[in-house]
Each structure stands twice: as C-alpha cells, then as structure tokens.
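Participant: I have a structure here, written as structure tokens, and I will follow up with some questions on it.
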C-alpha cells in the first residue's frame, strides 16, 4: 500500500538549513537513518520528485532519490547513515550522489555494484598551464579542433594508443604505472592521482573476456554521454593559498579538464557482477528493498571477485585519463609550437566519482575499517590526511567538480567536518534534473549548440544528437550544488573555472 505524500513527510525533518534527515520507517528495514544535503532550489526539486512518485509518477523508471537513499539505509552492514549529496538524482539501485559505508568487521556487510555504478572510476582530471586566456582566445577554434583530432571521441570510438591483449592485462593490473612505463605519463602525474592511479587489489583474471574485448579498442578514448574534455579559464579564486599550492595564481589562467571513465569494460564488469550476486543473494538469504540493489557479502567469493574486478576497471580508467592527458599535451604542443613541459601542463589532481574503497574512519569515537561506496560523489579528505599528496597536506585534497556543457566547474578542498559527517565525501557535479529521454524530447540540439556559440565557447561534438541530453537545462545548477557543500562545511570552495572550448562524445 503506497503512502500519501503527507504521510511520507512525517518521516522527514530538517536538521539545519542545508541538511534533512530521513527517519527509520520511511522505507522498510532501515538499519540506519538517511540524510540529504540541499539548499532551497535543490530542496524543491527533491520534494517535487517525491510528490510525483506518491501520485504514481516515476522518474525515468527509477524510484525517487529520497526512497533510494532510504533503501540503501536498509542494506546489511551499513554504518552511521546513508548520505545523499546535493547533486543526488535517481539512478540504478543507489541514487547517483548517494554514498554509504559498510562495516568490514560485520560478517553480514555487503558490497553492491549499484553503489559504484556502471561507469567504474568515472572521474575528472584537471591540468594547469602557464597560458593566459588572451593566449588561447585567438586560437581556440584551432585548439578545439586539435584536441578533437587527437582524442578519439564518441560512442564506438577506438583508441590510437597501441594496445595488445598483453598490454591490457598489464594496464588493468598496473594503472598509471603502466602509462608511466610506456611513456604516456610523467612521474609527477601519479603523485597527483587519487590512489596514486593504481588500486593494488586489482586482479585482471576477475575481468571477463567479454569485458576485456570491449575495453581493448577503447583505451584513450573519451566516449559519449556526459564525458568531455574542456579548455577552461580561471574565473574566480576563493582560496588563494590552496590555489597557489595547485599552481593557480591568477584569474584568466588556462586549465584543461578531462572527464571520462572505464568505458565498455567497466560497464561489463558491473553487469557480470550483478548476475553473480543475484545467485549469491539467494544462497546467503540476503533480502533488499529493491532488486537493483543486488549485493554480496564483502567476504564472499562473489564480493571479493567484484572488488578485484572493479579495481582493475578503476585502473583502466586511470590509464584512460592518462592517455588522454598525453594526447592533450600533444594537441597543445602542436597549436602553441612548444613542449608540454614549457607550457607547464601538469596534473593538478585526478579524482574518482564512482568507486568503492576500504578506508579507516572514526564512527562514534571508534576507529573502524569500512568499505566506502561513492557513486556520483567524490572523496574529499581533509588537511594532514596520510592518503593525500605531500603538496596538498596543508590545504586538504583537491576535489574536482565538473559543471555541464557551457557552465562553470569548480575546485574544492576537503574538510575535517566532511570527514566526520560524510566519511570525507562531497558532491561530484551538477546532477541531472531531467532524464535523458525527457531532455531529448524537450530540447533541440541546434539550440543547445547555438547557445554555446553565443557564450563564445568553441565546441566539437562527435554525436550532436546526444547534445540535448547534456544541455545545461538537463541539470541542476552546479553553483547551487557547490555552495550547499560549502555552506554545510563538507568541502570548501577554492577555484571557479569557466569553459572556452568543449570537446564532447
């Protein structure tokens, strides 16, 4: 029996101006409470979605994000609370922008591929340059074209980096270390990657041959959907000290942002795991509120196989972003007729938005080992954390937040408050407000392209028809999302970037 909207509201209360609590009972079997972070406009979107669902309207076939946060709170072994970040929107199993941690000491605790997502280690890398906007504006069309020519983009795009089956096995195991050995990365690139660009538990034998077949031709490709490479300029600096540590010292400085993931390989790893886990759930008598939350005990063979395969797909994504960094450096080199080194094309940082990792956190005053699922959310560790690079020990970890086509992106830093409230996690981007299908119905791709041209943004798109799905109108306002995290204290604004050229799948 479904409840009325007013009945649903009985389970929700506001903790402070940017945070709501979802009390136990909102959905069956909740082990812990849920919370979600919003400001006024984002709050309105969340409650509208719930209201529509209680009238029988579905969001693109998914449950409303609030319900999904509640269903995650009912998973075995979850600890502290199920957390929705300001960019949260309905997804497969977990909402995108929903993170949760599971107690590794609890034999019942599970791992759920729906808590990582199909694009394993979809993430963002930011490069800086010593160029100024005035250097790039006159040649931005050539630069956009050079990047479009160098980086293979689009749905079925194939890579230009030579790769045999043996190379793929090594890349899956070694991550950025493979790129380094093959000459596609600089030694310091690795220092500025989450996990140093290599998850050590990766086991290529846990990646099916079907997944490898999908991944082999796609390495060093951008893919379609919300993936992009953008030439950006620094629009505002909120934290000069943190910005300086990142090599950003003035407005107008040019950067490059690369947003991509593990392509078809990661998708197949997730699909394979979901099939195996359905069987494991029957065997181990695990019940969940939503079939999409298929999971397995962390300690089970299925749980371990998935974590090892997921880590390999994660490594593939880091190699992918490294390959695209190599191609970007070549494109800049060609246009500006000088070496990437002379252009200071260094990696500021590289973060993952879809991953599960074993981490140490303090919960109720006790140090615990947890499996932290971050889906559509970003690790944001505070200053002095042992897992962040030496360069950022005093500022906190850089967090890269991609906007949507034609809107701003942000660099944030991690905080101590985020460490206690959200397991050192913050938002990842704008978060969809319209489903892809709805975007295609409501928006015309030519209008979207014209609007970008009006903003003075050079654009190269492999599949124009996909542009509507990624139009700024399809998304929540990234500034709302970032400000909510800043005001709530779970991350701190450092730099704002605006695009001048976009390359898209």
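Just so it is clear, glycine is given a Cβ too, placed from its N, Cα and C backbone atoms.
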Participant: Using only what Swiss-Prot says about Mn(2+) 2 binding by 122, 259, identify which of 192, 346, 353 is listed for that site too.
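Facilitator: Between 192, 346, 353, Swiss-Prot records just one in the Mn(2+) 2 site with 122, 259, namely 353.
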Participant: Among 16, 227, 250, which is the one Swiss-Prot gives for the Mn(2+) 1 site where 119, 122 also bind?
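Facilitator: Answer, per Swiss-Prot (Mn(2+) 1 site with 119, 122), from 16, 227, 250: 227.
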Participant: Measuring Cα to Cα, how many angstrom lie between residue 119 (Mn(2+) 1 binding site) and residue 229 (GMP binding site)?
Facilitator: 17
Participant: Among the binding-site residues listed here, 122, 229, whose Cβ has the fewest other Cβ atoms inside 10 Å?
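Facilitator: Output over binding-site residues 122, 229: least Cβ neighbours within 10 Å is 122.
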Participant: Based on Cα coordinates, which of the following binding-site residues are within 10 Å of residue 122 (Mn(2+) 1 binding site): 229, 354, 404, 431?
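Facilitator: Matched binding-site residues: 354, sequence order.
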Participant: Quick one: pull the CA-CA distance for residue 431 (GMP binding site) versus residue 353 (Mn(2+) 2 binding site), whole Å only.
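Facilitator: One finds 12 Å between the Cα atoms of these residues.
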Participant: Through the lens of DSSP with three states only, how would you label residue 259 (Mn(2+) 2 binding site)?
Facilitator: strand
Participant: Just to verify a number: CA distance, residue 229 (GMP binding site) to residue 428 (active site, GMP-histidine intermediate), in angstrom, no decimals.
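Facilitator: Cα of residue 229 (GMP binding site) to Cα of residue 428 (active site, GMP-histidine intermediate) measures 16 Å after rounding.
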